[in-house]
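**Q** Following this message is one structure expressed as structure tokens.
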Amino acid sequence: MQNMVILGATGSIGASTLSVISANPDAYRVYALVANASVDKMLALCITHRPQVAHMVDSQAALALQAKLPPELNIQVSSGEDELIALVTATEVDTVMAAIVGAAGLVPTLAAVKAGKRVLLANKEALVMSGELFIEATKASGATLLPVDSEHNAIFQCLPEEVQANLGRCDLAASGISHILLTGSGGPFLTAELASLAAMTPAQACKHPNWSMGPKISVDSATMMNKGLEFIEARWLFNTQNDQLKVVIHPQSVIHSMVQYRDGSVIAQMGNPDMRTPIAHCMSYPQRISSGVEPLDFFKVGQLSFCEPDFNRFPCLALAIAACAQGQEATTVLNAANEIAVEAFLQGQIGFTHIAKVNEACLSSVPKRAMTSIDDIIALDAQTRIYAREQLAKLA
């Protein structure tokens, strides 16, 4: 029986994780649920899954949850960063699902890694921001790191065992690998007229053709910044050079990514677009458990198509690839700028095409600094957010 902590329990990844746990009740136990401020959602999850601890990042939300929880459930309610770190590093905890969206997930995820936990990484921003520090912490602690993102999980499944066992430190060329092919659907605006993009609304941007996701990642998919962040994450997870990574547009989201070998072979991982599949794989690796997902029906799949990304349509993807080549400081700046810009777009403060403009302005203007600690990363992140908000004021 594995005791699990779910960071981001009220989000879409949290819901999918709890679904897999419910399908395998003899193998997994919900030790703790962690959320930001969604009291009613957390209350419902507590009643259903009976965790030992419910942690709310927002202190007022924690008080509200405590008042609403039936006392007979005997669930401890906590709040605060120190309490969260103590939770993910507790000796009772075996596995941590790291699914808090954005920079907010970095500190608890890194704490779980340093404690040597089995970490299921759905928070791509942790690697985008801290890259080498994160990988070195994994190596030092002996933590098990497993990628949950559908693309990185697909790549992982297509790799030989010696690479799977050495994430972040592997040598792809030595294992006969020539390229990693990172697939992406192109999002809801793949075929939209370029001139129409400036007028796209948050509702339109969040209407992904294949996946059910939260608002932030949905907008990132529409700009293809999500694929850019995944490009950066893949660079660290699989220790790649930029020329070993290629982005392929695949609108149907049936092939989740591919690995191309030196002998001309290409191994692909396929399946229905449902996050329960990669979550179940990570939870049970190297074994397999039921995810509750229907298997792919090849007689109903139809045509699979592929094309190269259009960087005029997706400037955020181009920015991310360029930032990856520049190094850790640039990717930290880009992530912070993008979080501010996307939130402003979702609130109706800026237009869709302004997201890329804010990101580009921050990348070109925020002074870079050497980053040797988590404090350096947090400081650069904070500095970038201030500058990004200044750019928003100019666009308003």
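Placement of Cβ uses the backbone N, Cα and C atoms for every residue, glycine included.
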**Q** Of the candidates Gly214, Gly228, Gly264, which does Swiss-Prot annotate as part of the NADPH site that also includes Thr10, Gly11, Ser12, Ile13, Asn123, Glu125?
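**A** For NADPH, Swiss-Prot names Thr10, Gly11, Ser12, Ile13, Asn123, Glu125; of Gly214, Gly228, Gly264, the listed one is Gly214.
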**Q** The 1-deoxy-D-xylulose 5-phosphate site in Swiss-Prot includes Lys124, Ser150, Glu151, Ser185, Ser221, Asn226, Lys227, Glu230. Which of His208, His281 is also listed there?
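**A** Candidate in the recorded 1-deoxy-D-xylulose 5-phosphate site: His208.
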**Q** Show which residues of the chain containing Asn226 (1-deoxy-D-xylulose 5-phosphate binding site), separated from it by at least 6 in sequence, have their CB under 8 Å from its CB.
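**A** Result: Gly184, Ile217, Asp220.
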**Q** Quick one: which of these binding-site residues, Thr10, Ser12, Asn123, Lys124, Gly214, Glu230, have their CA within 10 A of Asp149 (Mn(2+) binding site)?
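**A** So far as Cα distances go, the binding-site residues lying within 10 Å of Asp149 (Mn(2+) binding site) are Asn123, Lys124, Glu230.
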**Q** Which residues, in sequence order, are found in the same chain with Cβ within 8 Å of the centroid defined by the Cβ atoms of Asp149, Glu151, Glu230 at the Mn(2+) site, excluding those residues themselves?
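**A** Checked against the 8 Å cutoff, the neighbours are Lys124, Pro147, Ser150, His152, Asn153, Leu182, Asn226, Lys227, Glu233, Ala234, Ser257.
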**Q** By the DSSP assignment reduced to helix, strand and coil, which category contains Gly214 (NADPH binding site)?
**A** coil
**Q** Taking only the residues the record lists as binding NADPH, namely Thr10, Gly11, Ser12, Ile13, Asn123, Glu125, Gly214, what is the largest Cα to Cα distance between any two of them, in Å to the nearest whole number?
**A** 18
**Q** Would you find the one among the binding-site residues Thr10, Ser12 whose Cβ has the most company, meaning other Cβ atoms within 10 Å?
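**A** The residue with the most neighbouring Cβ atoms within 10 Å is Thr10.
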**Q** Assuming the binding residues for 1-deoxy-D-xylulose 5-phosphate are exactly those in the record, Lys124, Ser150, Glu151, Ser185, His208, Ser221, Asn226, Lys227, Glu230, what is the maximum CA-CA distance in angstrom, rounded?
**A** 19
